[in-house]
Amino acid sequence: MDSKSTSYETAINMSETESTKQKSSSAAPIIATTKTISHNQKGGWRRGVSIFDFILRLCALVTTLAAATTMGTTEETLPLFTQFFQFQASYDDLPAFSYFVVANAIASAYVVLSLPFSIVCIVRPHLVGAKLVLLILDTVMVAFTTAAAAAAAAIVYLAHNGNSTTQWVAICQQFGDFCQRVSGAVVASFIAAFIFIILVVFSAVTLRRHN
């Protein structure tokens, strides 16, 4: 009886050991598959943000380029009785408008140069270095475009309303087309600054999720 019971218990222990090994070996692929799925989901989320980042950069390129070209081609001459006495308004008569054109032109060039980095972030969504560089430069562009738009907006306000205290006359009653064009350029620059702010926020959130 003792030999039979011993052999029976040994068979049970061997069968339990084999079943335990099978369960552990089957659990390992499940865990690996779960980790792979979660990794792919995170990569897909970051890739979607990078695609949206690329689209926003195209919008920023359109707005900054429109602001620079509109302001840079704005001038108006008042028709008078003789060709020797004419009143002309041009963007380069005011330093704030000249700075506005240069700032938005630099922002346009930066956006063009940043597009390849944005494409790299779409292909490799887990790449941190390129996103960090874009975050820093986008922050600089926010300050750059905001300063240019604010300086030009102050001049546009004076052109529309004047200032009775300093005896500055509102010129938009005479130079209507000039004022409309420079006002549109300022609005486009503010839109570009807002787009850069959104780019900074998205880059910061993406980098935060990497940690």
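Using the three backbone atoms N, Cα and C, a Cβ is placed for every residue, glycine included.
Please treat TrEMBL annotations as automatic predictions, because they have not gone through curation.
If you look up TrEMBL, you'll see 1-14 marked as compositional bias 'Polar residues'.
The domain 'Casparian strip membrane protein' annotation in TrEMBL covers 47-194.
Sequence annotations record features per position, and here TrEMBL assigns region 'Disordered' to 1-27.
Long-range Cβ contacts of the transmembrane segment (54-74) within its own chain (Cβ-Cβ under 8 Å, at least 6 residues beyond either end) map to 90-91, 97, 100-101, 104-105, 107-108, 111-112, 114-115, 118-119, 122, 145, 149, 152, 178, 181-182, 184-186, 188-189, 191-192, 195-196, 198-199, 202. What TrEMBL lists as transmembrane segment is 54-74 (among others).
The annotation transmembrane segment is assigned in TrEMBL to 94-120 (among others).
Taking Cβ pairs closer than 8 Å, the transmembrane segment (132-159) reaches residues 53, 64, 67, 71, 94, 96-97, 99-100, 103-104, 106-107, 110, 114, 117-118, 121, 168, 170-172, 175, 179, 182-183, 185-186, 189-190, 192-193, 196-197, 199-200, 203-204, 207 in its own chain, all 6 or more past its ends. Per TrEMBL, transmembrane segment is recorded for 132-159 (among others).
Marked as transmembrane segment by TrEMBL: 185-207 (among others).
Remote same-chain partners of the transmembrane segment (94-120), defined as residues 6 or more beyond its termini with a Cβ less than 8 Å from a stretch Cβ, comprise 50, 53-54, 57-58, 60-61, 64-65, 67-68, 71-72, 127, 130, 133-134, 137-138, 141, 144-145, 147-149, 151-152, 154-155, 182, 185-186, 189, 192, 196. Non-local neighbours of the transmembrane segment (185-207) in the same chain are 46, 49-50, 52-53, 56-57, 59-60, 63-64, 66-68, 70-71, 74, 100, 103-104, 107, 128, 131-132, 134-135, 138-139, 141-142, 145-146, 148-149, 152-153, 156; each lies 6+ residues outside the stretch with a CB under 8 Å from one of its CB atoms.
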